[in-house]
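For reference, the structure is listed below as structure tokens.
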Amino acid sequence: MSKNTNVTWHESSLTKELRRKQNGHESTVLWFTGLSGSGKSTIANAVAKELYNRNIRSYVLDGDNIRHGLNKDLGFSEEDRTENIRRIGEVSKLFVDSGQFVLTAFISPFRADRKIVRDLLAEGEFIEVYIKCPIEECEVRDPKGLYDKARKGIIKDFTGIDSPYEEPEQPEIILESNRYSVEECVEQVISFLTAKRAI
Ligand SMILES: Nc1ncnc2c1ncn2[C@@H]1O[C@H](COP(=O)(O)OS(=O)(=O)O)[C@@H](OP(=O)(O)O)[C@H]1O
Ligand SMILES: Nc1ncnc2c1ncn2[C@@H]1O[C@H](COP(=O)(O)OP(=O)(O)O)[C@@H](O)[C@H]1O
């Protein structure tokens with residue numbers, strides 16, 4: 001619901017297409033989703049590094065980092081997670097407009113929220129990357145000790161424990177991070193972008 005009534009959209013003569021042409025590549029969102037510890041940050045940053053090595057402009061938006069700044073007013077209730085993803089969807093759209101790839105690493109547990117972001121973008125601009133990893137494996141990895149705290153009841157509403165995660169139904173890419181190495185997962189993403197002629 002918008003509170004703004006007296007605002008007018010200002011068109012820019014520098015279009016998304018011109019910015020893409022200058023950069024020499026497409027711009028899309030690579031929307032990484034998955035449980036905590038599934039590998040979203042690790043793989044998103046590794047893909048960004050590979051893109052950088054190929055002179056392709058990209059930027060990573062990471063849940064933990066964004067919650068230190070832009071979204072530090074949000075917690076982990078359903079409403080706050082939805083608002084978190086809504087804002088990141090809008091920011092992602094700006095990155096796409098600027099002619100860059102944006103890699104987002106948010107649990108984004110709700111299908112409806114991810115669909116809202118998909119619908120915000122043009123056809124083909126939203127690439128959903130599902131990091132599929134069994135919760136048992138995420139719990140063994142537990143890179144931040146959060147599963148341990150959640151099991152002990154120190155953290156409430158923890159995704160996969162006492163807060164739901166809705167698996168993507170038709171993601172563009174599935175990365176099984178318990179079966180393939182980080183390098184193999186990166187290769188899978190790069191192959192997808194190459195086949196799409198996005199890079
Ligand atoms: N209750 C609860 N549930 C899930 N995660 C929690 C929680 N509390 C803190 N954390 C830490 O916050 C990171 C997830 O933030 P996100 O912005 O990605 O979450 S969400 O998309 O809004 O659901 C998540 O980061 P990742 O482990 O990288 O996924 C955790 O470090
Ligand atoms: N194939 C893999 N892909 C991604 N991460 C992996 C893989 N195998 C092991 N890991 C480890 O799993 C952990 C994933 O943590 P992280 O990237 O922070 O996940 P998330 O951002 O989803 O919470 C890291 O410690 C990483 O080294």
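A Cβ is built for glycine as well, from the same backbone N, Cα and C atoms used for every other residue.
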**Prompt:** Under TrEMBL, which of the candidate ranges 1-21, 22-42 is annotated region 'Disordered'?
**Reply:** 1-21
**Message:** Checking the contact step here: among the binding-site residues Gly34, Leu35, Ser38, Gly39, Lys40, Ser41, which have a Cα within 10 Å of the Cα of Ser108 (active site, phosphoserine intermediate)?
**Reply:** Gly34, Leu35
**Request:** Go through the binding-site residues Gly34, Leu35, Ser38, Gly39 and pull out the ones with a Cβ less than 6 angstroms from some atom of ligand 1.
**Result:** none
**Prompt:** Over the domain 'APS kinase' (27-175), what is the model's average pLDDT?
**Reply:** 98
